[in-house]
Structures are given as structure tokens and as C-alpha cells.
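Chemist: Below: one structure in C-alpha cells.
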Amino acid sequence: MQEKIAVLAYSGGLDTSCCLKLLEDKYDYKVISVAVDVGQPEDDLKEPEEKAKKFGVLKHYTIDAKEEFAKDYIFRAIKANALYEGYPLSTALARPLIAIKIAELAQEVGASAISHGCTGKGNDQFRFESVMRAKTPEIEIVAPIRDLNLTRTEEIAYAKEKGIPVPVDLEKPFSIDENLWGRSIEGGILEDPMTETPKECFAWTVDPTDAQDKEEYVEIDFEEGVPVAINGDALEAVSLIRKVNEIAGRNGVGRVDIVEDRVLGLKSRENYECPGAMLLITAHKALEQLVLTREELVFKEMVDSKYADLVYKGLWHEPLRLDLDAFIDKTQTRMNGKVVLKLYKGSMRIAGRESKDAIYNEEMVSFENKEMDQREIVGMVKFHGLQAAIYEGLTRK
């Protein structure tokens with residue numbers, strides 16, 4: 001009888017580490033583990049490989065997808081100013097790419113199942129499975145943590161029983177996810193929205209009170225909506241994002257603490273560190289204000305909001321997302337220029353912006369310019385708000 005193989009999306013954390021053994025113990029699968037490199041720390045890639053080999057997987061793969069993630073996902077998110085309830089979608093953006101890589105490998109090795117470590121209350125189950133079912137509908141999806149209805153405490157107990165080293169305990173049961181675009185921290189005491197996030201939860205950003213005592217200026221150059229240089233230095237995609245993370249992070253910029261609405265309908269308290277994401281999106285929006293017309297800006301704001309909503313829900317493969325990209329790409333053909341930001345102890349302000357495609361006209365807007373005759377505006381002003389004036393008259397009768 002041919003052995004059953006499950007390809008497991010493996011991060012080395014508590015959930016997926018438990019899945020390594022659960023797939024064997026409860027489902028009778030042999031496991032192939034996969035870590036997809038989307039910019040997480042090197043140790044976060046070495047650790048899964050070492051753990052996987054220790055626990056006897058058939059094979060462990062590490063797939064380098066950093067460049068693809070930066071160019072095909074992050075840069076699209078920047079052009080869309082993609083923020084969901086103030087969150088720049090760091091985890092959400094990476095999930096479809098990870099799912100695609102896992103599904104492709106599962107097909108390649110002839111796997112019977114694809115597995116992930118998502119719980120039944122989180123968003124990632126939707127993000128992974130919507131893509132996996134679209135790409136590999138013939139392959140079963142197994143989610144042991146969800147399907148066995150395990151709690152965090154039960155997982156920790158199971159891990160200890162099986163001798164699985166995990167980076168959490170009952171005192172600090174934080175769940176941390178990290179990639180090129182940001183870092184998320186959730187769980188444990190953070191589930192109480194009245195509890196301040198402990199300093200030790202943060203790794204990318206210094207506490208604003210501890211940041212340097214002088215302002216730092218950073219200049220971002222854009223070409224067709226994509227960041228291409230920092231302070232005049234042209235950089236490749238991955239290097240550029242890492243550099244911006246470093247600059248913003250040392251100034252305490254990029255911490256997000258929100259209560260967000262999950263796909264399932266639950267509200268969840270989430271902490272994020274996204275210094276580079278927040279800086280680049282802020283800079284990009286400032287450039288758009290200089291270049292796009294009022295009607296374009298108003299409509300694009302609606303498009304951007306829907307775009308972020310689709311990404312958050314895991315609907316990267318939804319045709320509407322491609323349609324929105326087509327509109328966004330058209331607006332970005334004129335998005336060429338530079339933006340200067342001033343960073344200081346957690347604050348970020350626009351200090352300057354310029355573009356050869358700017359609709360902003362300094363001469364025309366000047367109070368000293370007579371090119372626009374002010375007297376010609378009288379008729380326009382007279383009838384501005386006409387319907388409201390008519391309504392007001394009716395209410396006085």
C-alpha cells in the first residue's frame with residue numbers, strides 16, 4: 001500500500017510543530033514540511049528545518065520567495081495604499097503566496113493532503129484554503145489544530161508530551177508572525193484590550209521615548225507608484241524595504257495597536273510592527289495628492305479600501321482584485337516623483353514632495369498671481385450649494 005503524504009506549511013511555531021506529530025499520530029500521514037521564505041529572520045528558517053529533521057519528516061523544503069513577495073505583492077499593496085482598519089496587511093499579503101508555493105509542491109510530490117496549523121477562529125484558514133482549493137482542488141486539506149478543536153493549553157501540553165521544543169509557554173503564549181512587510185504579535189495577555197503591550201513584544205521598533213533625540217529626514221523616490229530609491233540610493237526591492245524598515249524602526253515609527261474585525265466576525269486585539277510599510281504608504285499617498293485629480297483621489301480611495309478588504313479576507317485570486325489592479329496601475333503611470341518625510345520619536349510628517357506630473361501649480365495657486373481673475377468666480381460662488389439653499393427655504397415655510 002502506497003504511503004499517504006501530507007505537505008505541511010511549517011513555520012516552527014507551536015501550532016505547526018504540533019501538526020508535525022499530529023499528522024502522524026491522528027491521521028497516519030508521512031510528512032513533507034515546507035517553509036516559504038518571505039523575508040522572515042534567518043533563524044526562523046533554520047529552526048523549522050532543524051526541528052523537521054529531528055522529528056523524522058520525509059523531507060524539508062525551504063522556498064525562497066522574497067523577491068516575488070516584494071515585487072508582486074508588496075509593491076501592489078503600496079500602489080493600492082492597502083490598509084485594513086489601519087493595518088498594512090503584512091501577514092495577509094504573504095499568505096496567498098505561501099499557499100501557492102505549498103500547493104505547487106504538493107502537486108509536484110504527488111501528496112494526498114496539504115496541511116496547515118491554523119485555528120478555527122483566525123483569518124489564515126480562509127487565506128490559505130481559498131487559494132489551495134483554487135489551485136489544487138483534488139488534494140485534501142487537513143488542519144489538525146482546528147479539526148481536533150485544540151486549545152492553546154492543550155497544544156502546549158501535547159508538545160511537552162511529544163518532546164517538541166516550542167517558543168511559547170503558558171506565561172508568554174504570544175503568537176508571532178514575521179515577514180518582509182511587518183511583524184504581528186497576538187495572544188496571551190494581549191487578548192485583554194485594556195492591557196498595554198509589554199515592551200518585550202517589540203523587536204523592529206524602538207520605544208518612541210527611547211528613540212534618538214534628533215529628527216531624521218528620509219527621501220523616497222517613486223517610479224510609476226513603486227519606491228525605487230532611498231535618499232538618492234537606488235535599491236532592489238527586498239533591500240529597499242529592509243532599509244526603510246530599519247530607518248523607520250529606529251525612530252519608533254510603525255507600531256499599530258488595534259481591535260480589528262476578523263473574517264469570521266470576531267473582533268480581535270492585534271499588535272503590529274510595520275515601520276517600512278507605514279512609511280512607504282504614507283509617502284505614496286502624499287505623492288498621489290500632488291498628482292491625481294480630485295475625482296481620481298475620491299474614487300481611488302474607494303478602490304483602495306475594497307482592495308485591502310479582499311486581501312485581508314484571503315481573496316487574492318478573486319477576479320475583482322485583478323480588475324482593481326488594472327485601474328490602480330493606470331493611475332500609477334503618472335506617479336513619478338519624490339517625497340521627504342521627517343521622523344521623530346514615533347511621529348512621521350511629510351516635509352516635502354515633488355513630481356513632474358503634479359497637477360499642483362504653485363504659480364496659479366499663489367495669492368500674488370492675477371492670471372485667474374477673482375471677479376470671474378462670483379457667479380460660480382452664487383450658485384454653490386443651490387439645492388441646500390432651496391431645502392432651507394422649504395423648511396422655513
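Cβ atoms here come from the backbone N, Cα and C positions, even for glycine.
Below are the features listed in Swiss-Prot for this protein:
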- Ala9, Tyr10, Ser11, Gly12, Gly13, Leu14, Asp15, Thr16, Ser17, Gly117: ATP binding site (BINDING)
- Tyr87, Asn123, Arg127, Ser175, Ser184, Glu260, Tyr272: L-citrulline binding site (BINDING)
- Thr119, Asn123, Asp124: L-aspartate binding site (BINDING)
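If you look at the structure here, what lies around each of the features I listed?
Modeler: Following the DSSP three-state reduction, the secondary structure of Ser17 (ATP binding site) is helix.
For Glu260 (L-citrulline binding site), other Cβ atoms within 10 Å of its Cβ number 17.
DSSP assigns Asp124 (L-aspartate binding site) to a helix. Less than 8 angstroms from the CB of Asp124 (L-aspartate binding site) sit Thr91, Arg95, His116, Cys118, Gly314, each of them six or more residues away in the same chain.
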Chemist: I need the most crowded of these binding-site residues: Ser17, Asn123, Ser175, Ser184. Count other C-beta atoms within 10 angstroms of each C-beta and give me the top one.
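Modeler: Comparing the binding-site residues Ser17, Asn123, Ser175, Ser184, the most crowded Cβ belongs to Ser17.
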Chemist: Count the Cβ atoms, other than its own, that fall within 10 Å of the Cβ of Thr119 (L-aspartate binding site), considering every protein chain shown.
Modeler: 18
Chemist: Relative to the Cβ position of Ala9 (ATP binding site), how many further Cβ atoms are located within 10 Å?
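Modeler: Step by step: centre on the Cβ of Ala9 (ATP binding site), count other Cβ atoms within 10 Å, giving 25.
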